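If you look up TrEMBL, you'll see 10-238 marked as domain 'Class II aldolase/adducin N-terminal'. The annotation active site is assigned in TrEMBL to E116. Marked as Zn(2+) binding site by TrEMBL: H140, H142, H211.
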Amino acid sequence: MKVEELKFVKDFVRITHDAWLKGWHERNGGNFSYRIKDEEVAELKELINETSECTPIGVSVPNLANEYFLVTGSGKYMRNVILDPEANIGIAKIDEKGKNYKVVWGLINGARPTSEFPSHLMSHSVKKEVTNGKNRVILHSHTTNIIALTFVLPLDSKVFTRELWEMATECPVVFPSGVGVVPWMVPGGAAIAKETSKLMKEFDIVVWAHHGTFASGETMDLAFGLMDTAEKSAEILVKVLSMGGKKQTITSDNFRDLAKDFNVSLPEKFLG
Ligand code: 13P
Ligand code: ZN
């Protein structure tokens, strides 16, 4: 058995390919990570090498101590993952303090996990805590239409939530807690990781102004589906704005009725 043949690795590779086909991942844009389940780690044990050197993560994630992550490589193209998984993705193990990682499979020829690993791990850390360990996936994509909107809408969570909810009836059901917004920041470091993870306490989807989107989910399908739904809604809004703006829309009371029938709770602060 090879690591590439394990079900969770095949699923991961399929999502990277689907995300590439969506047009969200030019060049090395975007990155993807999955917190591997204990039973999947057990399947891996014979196939990995834990002797490699430790590298500081740059942030501290004590509740992820000894966890294993499947993650895309820094500078690697999402488009190439399906062609050569071992060169473009890898498995990183977090040390017992949650401060360092080591690569135990893949990322061959000295490759490293994504430069956004601090943002991924801090978001995983928060999500693990607030979902009782259920949430396992973080996807960062350069979503064209959401990025376009960050140039014209106020960089405000209430505005983004309400506008994206209004553009597709399924949106409040798919992301009932709303959308977080991080103002423009330098990517790849601890500062943007902290801001993003703060918002991940409340939201499953966080927009990085003029850069892209972070989506989280319990499964790879759910994280991908969330990204896809929010980005499609943003595409509709771009079209609506290009056609001269809304002439009618879904009202706050419509949302309240939807919430009742679909059994979701929508925060009143987004319905005012
Ligand atoms: P990486 O190639 O390091 O994953 O960076 C891509 C990116 O999207 C940075 O935000
Ligand atoms: Zn990016």
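Cβ from N, Cα, C; glycine included.
Here the structure is a predicted model, which means the values were calculated and not measured.
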CB-centroid shell, 8 A cutoff, Zn(2+) site H140, H142, H211, site residues removed: G29, G30, S141, T143, I147, P187, W208, G212, T213, F214
Distance from E116 (active site) back to H211 (Zn(2+) binding site), taken between C-alpha atoms, in Å: 13
Secondary structure of H211 (Zn(2+) binding site) (DSSP, helix/strand/coil): coil
Binding-site residues (H140, H142, H211), the one with most neighbouring Cβ atoms at 10 Å: H140
Cβ neighbours of E116 (active site) where a neighbour is any other Cβ within 10 Å: 27
Pairwise CA distance, H142 (Zn(2+) binding site) versus E116 (active site), rounded so that it is a whole Å: 13
Where H142 (Zn(2+) binding site) sits in the secondary structure, as DSSP reduces it to three classes: coil
For E116 (active site), the three-state class that DSSP assigns: coil
